[in-house]
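S.K.: This is the feature table in Swiss-Prot:
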BINDING   His75, His77, His245, Asp320  Zn(2+) binding site
BINDING   His75, His77, His245, Asp320  Fe(3+) binding site
BINDING   Arg84, Tyr147, His180, Gln248, Thr325  4-imidazolone-5-propanoate binding site
BINDING   Tyr147, Asn322, Gly324  N-formimidoyl-L-glutamate binding site
Amino acid sequence: MQKKRIWTNARLATMAAGLPGLGIVEDGLIAAEGDRITFAGLASDFPYTEGPSTQGYEVTDCGGRWILPGLIDCHTHLVWAGSRADEFERRLAGASYEEIARSGGGIRSTVSAVRAASEAELVAESLPRLNALIGEGVTTIEIKSGYGLNIEDELKQLRAARALGEVRPIDVETTLLAAHTLPPEYEGRADAYIDLVCNEIIPAAAQAGLASAVDAFCETIGFTPEQTGRVLSAARHHGLAVKLHADQLSNLQGGALAARHNALSADHLEYLDEAGIAAMAQAGMVAVMLPGAYYVLRETHPPPLEGLRRAGVSLAISTDCNPGTSPLTSILLAMNMGATLFRMTVEECLLGTTRHAARALGLEKATGTLEAGKLCNLSIWDIDRPAELVNAMGLNPLHTRVWRGQ
């Protein structure tokens with residue numbers, strides 16, 4: 001028999017699309033059976049007559065606290081080995097991201113460490129980062145590969161990411177990012193490496209069921225639009241969703257390229273142009289903001305938020321947790337950065353880590369809002385108003401986190 005639970009005396013920010021703003025319900029109640037929400041709304045509308053305790057429910061009095069959906073970190077590179085703190089010092093001394101990458105640092109530095117690590121070592125090194133995000137109410141996380149750059153080590157990274165979801169109460173969505181950078185053994189042979197990605201790595205990941213999506217780094221220090229298009233086409237051929245690191249450091253028309261391949265999202269987007277915005281809007285894509293990388297790289301060209309808003313493109317926000325350009329393990333701080341650096345509104349930040357983040361992962365039917373039929377993923381907060389989650393820095397007001405009803 002499935003466990004039945006009720007959370008009463010709560011204020012809800014349901015994030016439901018059918019309600020204005022954050023979908024606030026002041027005198028709210030949530031009921032769940034097993035891992036699914038069966039009711040979320042006004043307590044007075046809940047259909048019982050003799051009191052929930054007499055109907056086999058376990059009742060939790062929330063004491064007037066706020067309940068939001070469990071938070072979603074929809075773009076991370078959380079599984080890695082080694083440290084790139086030395087690059088932080090180099091950037092402080094004036095080196096650019098491109099200079100570090102071209103000198104053999106950056107992603108390639110992490111590739112060497114990941115290739116040398118076992119799957120168990122990757123899990124052990126990644127757990128503290130995952131624990132930090134879980135501690136801030138995250139119940140769903142996307143984790144990319146991209147530090148193996150060959151069949152064996154890309155699959156090893158994906159297995160480690162999946163293993164994290166087996167040892168912690170969290171839903172892990174895995175994304176293959178083999179087209180992250182050119183491995184050293186393919187120096188000067190980018191097209192040959194893309195052949196490997198398309199003809200061997202993507203099919204292997206799909207056959208093993210280790211990835212639900214494929215990503216690529218379309219950039220001057222990554223891969224050309226033509227090479228990226230090949231990767232996205234191969235992903236589609238093997239039944240995988242696609243997303244894209246696009247227009248972060250330059251305008252290569254990455255947003256429009258992602259739209260042509262019906263991507264779930266395009267991410268970063270600092271140099272996205274009007275044509276890219278229009279293409280993304282027409283394709284119904286999500287624009288994922290990653291202010292952590294913008295902050296660490298001390299960029300000065302923010303994403304075109306006003307254009308995205310005018311076009312009706314949904315905005316998500318994520319930590320981009322990675323060892324070099326965004327070693328950020330706080331979804332709350334990511335929201336603050338999005339508001340401060342990009343001028344995102346509180347509503348955009350909160351929807352961007354719930355409903356719109358779910359859409360960026362293709363999970364909008366399962367999670368991201370407090371609605372009947374959705375997974376019972378909740379975050380319960382000691383706050384007076386939801387804006388505090390975006391405003392405060394260094395304070396974690398999480399009271400309780402509920403994952404799949406538990």
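Glycine is no exception: its Cβ is also placed from the backbone N, Cα and C atoms.
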S.K.: Filter the binding-site residues Arg84, Tyr147, His180, His245, Gln248 down to the ones within 10 angstroms of Gly324 (N-formimidoyl-L-glutamate binding site), Cα to Cα, kept in sequence order.
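M.R.: Hits: Arg84.
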S.K.: From the centroid of the CB atoms of His75, His77, His245, Asp320, the recorded Zn(2+) site, which same-chain residues not already listed sit within 8 A by their CB, in sequence order?
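M.R.: These residues sit around the Zn(2+) site: Thr76, Lys144, Asp215, Asp267, His268, Leu290, Ala293, Ser318, Cys321, Asn322, Ser326.
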S.K.: Do me a favour and check the Cα-Cα span between Gln248 (4-imidazolone-5-propanoate binding site) and Asn322 (N-formimidoyl-L-glutamate binding site); whole Å is fine.
M.R.: 15
S.K.: In whole Å, how far is Tyr147 (4-imidazolone-5-propanoate binding site) from Asp320 (Zn(2+) binding site) when you measure between their Cα atoms?
M.R.: 14
S.K.: Quick one: give me the count of other CB atoms within 10 A of the CB of Tyr147 (4-imidazolone-5-propanoate binding site).
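M.R.: Counting Cβ neighbours of Tyr147 (4-imidazolone-5-propanoate binding site) within 10 Å gives 31.
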S.K.: Measure from the CA atom of Asn322 (N-formimidoyl-L-glutamate binding site) to the CA atom of Tyr147 (4-imidazolone-5-propanoate binding site) and give the result in Å, rounded to a whole number.
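M.R.: Given the Cα positions, Tyr147 (4-imidazolone-5-propanoate binding site) is 11 Å from Asn322 (N-formimidoyl-L-glutamate binding site).
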S.K.: How far is it from Thr325 (4-imidazolone-5-propanoate binding site) to His245 (Zn(2+) binding site), counting Cα to Cα, in Å?
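M.R.: Between the alpha carbons of Thr325 (4-imidazolone-5-propanoate binding site) and His245 (Zn(2+) binding site) there are 13 Å.
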